[in-house]
Structures are given as structure tokens and as C-alpha cells.
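Now, the feature entries from TrEMBL:
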COMPBIAS  285-300  compositional bias 'Basic residues'
DOMAIN    391-474  domain 'X8'
DOMAIN    477-562  domain 'X8'
REGION    259-308  region 'Disordered'
SIGNAL    1-25  signal peptide
Amino acid sequence: MALTNVFVVLLSTALAVLPFSPADAGVVGVSYGRLGNDLPGTASVVKLLKKSGITSVRLYDANSKVLKALANTGITVMVMLPNDKLAAAAADPSSARRWVRRNVAAYYPATHIHAVAVGNEVFEEAKNLTGQLVPAMSNVHDALVKLGLDGAVKVSTPIAFTALQESWPPSAGRFRDDIARSVMKPMIDFLERTGSYLTVNAYPFFAYAEEPDKISLDYALGNSNATGVRDPVTGLVYHSLLDAQLDATYFAMEKLGTSRSSARGPNSVAPAAHVSESGWPSGGKPKRGGRPRPRPRGGGRRLELEQAGGEAASVANAQAYNNYLIKRVLSGDTGTPYHPDADMDVYIFSLFNENQKGDGADDVEQHFGLFYPNRTKVYEFDFRGGALVASWCVANASAGDARLQAALEYACGHGADCGAIQPGAPCFEPDTRLAHASYAFNSYYQRNGRAKAACDFDGAAYVVYHEPAGTCDPNVSWCVANAAAGDARLLAALNYACANGADCGAIQPGGACFEPNTVVAHASYAFNSYYQRKGRGSGTCDFAGAGSVVYHAPKIIGKCVLPSKAWIQETTTVKSRGFKTSSV
């Protein structure tokens with residue numbers, strides 16, 4: 001399928017792609033809990049929030065002192081009607097009105113209250129109130145309407161992720177049978193009707209702690225080197241567990257239908273799913289009977305799983321995960337593979353380590369804080385977006401060939417540099433519509449300053465923060481050994497490269513790139529060092545046919561450039577062929 005003449009003709013009727021405009025990024029805030037006897041005073045906390053660039057907080061009540069201190073700061077606030085007030089709000093509209101008048105209207109607009117959480121994890125923490133949850137939400141909303149605040153203040157309820165009966169693959173996501181039709185369906189109808197959103201407490205940490213043998217730590221942390229996991233039904237690839245959890249929630253909502261439309265898929269009208277709590281502990285161990293956790297797919301082995309959770313609870317992992325959340329939201333990457341254009345607000349749990357949570361000082365519940373009670377950081381983070389992470393635009397396989405082709409032609413006709421995917425060009429292979437579309441979309445996206453709306457193409461593309469496998473860049477190349485040249489030619493060329501400018505110290509015994517100890521692996525390292533040091537000049541990756549230039553990144557571990565696994569297995573060890581260390 002050679003994609004020729006992609007610059008010339010645009011299928012104007014196949015895809016309606018409008019010029020993009022900058023999209024609003026989501027909001028990343030913090031959950032401000034106060035279950036501690038050594039926490040700083042409210043005035044000090046507000047100063048800390050402002051100093052740290054934190055612009056939104058979630059409270060677990062509507063504390064008057066806190067709300068007054070947050071007045072005129074510009075910090076947005078989600079207040080909460082506690083579980084113990086929920087029954088009264090559900091049974092008596094006047095009770096809901098009194099609560100709203102005293103805890104919202106009395107402070108707004110000086111204190112920028114933008115949401116009311118009705119209860120918290122009611123399905124887990126107050127099961128006897130499950131049937132009263134939606135009536136309470138409705139009465140609180142009606143009170144806001146009567147006070148003229150419904151346009152500014154939305155009503156939601158944070159649900160634990162355990163509200164889902166199934167969550168993997170995401171396309172199988174569905175709510176528990178005991179709440180799906182009786183509670184979640186009317187709740188979703190309410191959220192749609194009022195223009196609100198579902199809030200979910202999503203913790204990849206606890207999912208990993210339950211199944212460390214099935215879930216990669218990098219995948220749970222959202223690390224850039226995480227191996228993608230494919231949904232076998234949709235074909236969508238997930239590079240972070242949080243995305244998989246959110247899309248499972250979207251699929252669960254979709255299975256219940258919507259009150260305004262019978263639409264299904266990424267363009268359906270189901271409410272957005274925002275993250276009312278997420279975080280990673282810097283220490284401690286998961287304890288029995290603690291925070292609700294996703295149901296493991298396997299049984300038993302509780303002690304092993306708690307041990308895995310304890311090992312994962314570290315400063316380094318907490319820093320990695322929470323900085324991933326911050327950078328992701330600030331850079332506008334709020335969508336998911338299934339809903340690439342979705343908005344998403346995130347509240348990181350929590351502002352402080354709280355010493356009255358959980359079951360003792362070694363419980364992870366006391367170690368979720370960004371700050372110690374003395375207001376020093378547990379680790380470094382930046383809510384101002386000081387270091388914007390790299391991002392790429394990739395084609396959405398589920399869009400189908402026709403939409404991908406039309407979007408590809410649009411990108412190539414509106415500024416993308418598509419010369420590299422023409423026949424014979426560096427990025428022509430693999431010659432598939434999906435690969436060519438990803439190249440064109442990413443070129444368009446990068447040339448338009450990585451604006452979120454520059455990676456939409458009517459749902460045919462989405463932004464990722466992990467470099468996609470096989471990314472081709474015609475301006476970046478590597479020199480790798482050609483295994484077919486044979487060991488004798490490779491050794492001769494290897495020694496030439498090492499003696500004429502290549503830095504081969506790393507492939508000496510004990511060096512960082514000595515393993516795998518094979519001719520082709522060492523030759524690839526030496527050839528690439530020579531090639532890069534010579535400015536990737538023409539002919540500097542020839543070695544009489546023993547080297548080849550590639551534009552798709554080879555396997556790289558640290559600074560070690562390796563050929564494919566197959567090449568390594570087909571080649572004998574260097575020491576058995578007499579690698580001439582003296583010539584290096």
C-alpha cells in the first residue's frame with residue numbers, strides 16, 4: 001500500500017477537520033485532609049498552597065476556618081457534604097438547602113467553591129446510604145439552583161474504583177450488579193442533566209499491590225519506559241494503569257446507556273470521569289481493612305501481596321507517580337486512549353502525611369503526603385509546569401482506515417513534512433496506513449507547538465507521553481551491525497571503528513555495555529559511536545557492508561545500542577572470536 005501523492009488531493013467530504021485552537025488544560029490540585037495532630041495551622045497551609053503553585057484543593061468537609069482562609073486567593077475548592085449528613089439531605093430538601101446556604105453560599109464567590117462532593121466512597125464507607133445517594137445529590141443541586149449557583153458549582157460524588165465489577169480489559173468495564181441499575185444509572189442521568197462529571201478515587205498503587213505478578217511497576221507508575229498493554233477487544237494500547245482504570249469507567253458508564261442519546265463509543269455523551277483522589281505512598285505497608293482496593297483476579301497470597309505493596313511504597317516511586325500526574329495534566333494530556341479529547345481534573349492525595357489515618361505509623365495511609373507536617377517537601381515536584389514533558393501524536397487504530405487516510409492527507413496538506421513516508425524514503429517502512437498516519441499526525445502536532453487540539457483529527461489520533469515503539473525520525477539515525485556480514489568482517493570493522501575515533505571503553509570486560517558479550521552487539525555499539533562522532537556523515541556507517549543506518553530507534557539500554565534479540569542469539573560471543581582489546 002504505497003501512499004503516493006498524499007500531498008495533492010484532500011478528501012474534503014471524508015473528514016471535517018477544522019483549524020485547531022488551544023485547548024484548556026485540566027486542573028491538578030490536592031486533597032487537603034486534616035486527620036493529624038501535628039498539622040500546621042490553616043493560615044500557614046494557605047501560604048504553602050500559594051507558594052507551591054497549587055491552585056485547587058479538595059476538602060473532606062466544609063470547615064468554616066479553612067473556607068475563610070481560602071477567600072480571595074484564587075484557589076478553587078471542592079467542598080464535601082459528609083456521609084453523616086447524607087441521609088438528612090436525601091430525606092428533606094430543606095435540610096439540603098440549609099447545608100448549601102451555610103457551607104457554600106455563605107462563602108461564595110470570595111472563596112471560589114466550584115464543586116460539592118456529596119459523600120465519599122459511599123458504596124464502601126456507608127453502604128446503608130447507597131439508596132439515598134442520588135436523592136441527596138439531587139436535593140443539593142436543587143438548592144444550588146434556588147440560590148442561583150448551579151451554573152458555577154457542580155455536584156458529584158467520589159466513588160471508589162471498587163464500584164467496578166470488571167476493569168480489565170477496559171472494554172469489559174462494568175459496575176457492580178448491586179449498584180449498576182439501581183444507583184449508577186440514575187446517577188449518570190443526573191450528571192448528564194446537570195452538566196456535571198463523575199468523580200473516581202483511582203489508585204494504581206493498590207492495584208499493583210494486589211497483583212504485582214500481573215502488573216508492571218512501570219505501567220502502574222506511568223513511567224515513560226512502560227511496555228504498552230493492548231486491549232484485545234478494541235486494540236487500544238495502554239501505557240499507564242490510570243488510563244486503563246479511567247477507560248474501564250467510561251466503558252462501564254457506556255454500558256448503562258445515556259439519557260440523552262443511545263450513542264456508543266468515544267463520541268457518546270457520557271459524563272467526563274475526573275479523578276477525585278489518586279496518589280502513591282512514600283513509605284509504609286498496605287494494611288488489612290484499609291482503603292478500598294480493586295478486586296484481585298487471583299486469590300490468596302495476602303502476605304506476599306502486602307510485602308510487594310510495602311516494597312513499592314517508596315519516596316522514589318511516589319515522586320515518579322505524582323510528578324507524572326502533575327506534568328500530564330498541566331501539559332493538557334487529559335484524554336485517554338478511548339476518549340482522547342476528554343477533560344480531566346485530578347486531586348493528588350494528599351497534601352500532608354496524616355498521622356491519625358490508618359492503623360499505625362507503618363500503614364501506607366500515613367505516607368501519601370506531598371509535605372511533611374513541618375511543611376517541607378517529601379520529594380521534589382512542581383505544580384507550575386517548570387519542566388514540560390515530551391509528547392507525541394499517534395494514530396488511533398480504532399478510527400478505521402478511511403478516517404485515518406483522510407486525516408493523513410489533511411495533515412500532509414496542512415504543514416506536516418510527509419516526504420519521509422514516500423516510497424524509498426527513510427520512514428516509508430513499515431508501509432501501513434497506521435504507521436504512515438502516525439508519522440504525519442506527529443509531524444503536524446510537533447510543528448504546531450504540541451497544542452492538544454493539533455492532535456485530534458476528529459478522533460483519529462491522540463497524544464501519548466511515552467515514545468511510541470518504532471518511532472521513525474528521518475533527522476535522527478543510528479548505525480547498527482549487519483549480522484549477515486559474518487563474524488570475521490564484523491570483528492575487522494569493529495577494531496577499525498575502535499581505533500579510529502569510536503569510544504569503545506564501555507564494551508570492554510566489566511564495562512557498562514559489555515553484556516551481551518556478542519560480536520554483533522559490540523560491533524553495533526562501536527559502529528554507532530563512530531557514526532555519531534563523525535556527525536552521521538555519508539559513508540560513516542558502511543564498514544564495507546558490515547554496518548547499516550536505521551531511522552527507527554534500535555534497542556537501547558542506558559547508552560548501549562543493541563541490535564535485535566534475534567541478531568544477538570544468532571551470534572557467538574566476542575571472547576570466543578578473539579576480540580582485540582589492545583587495538584581499542
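Placement of Cβ uses the backbone N, Cα and C atoms for every residue, glycine included.
Summed and averaged per residue, pLDDT over the domain 'X8' (477-562) gives 83. In terms of DSSP helix, strand and coil, the domain 'X8' (391-474) has 40 helix, 9 strand, 35 coil. DSSP places the residues of the domain 'X8' (477-562) in helix, strand and coil in these numbers: 37 helix, 16 strand, 33 coil.
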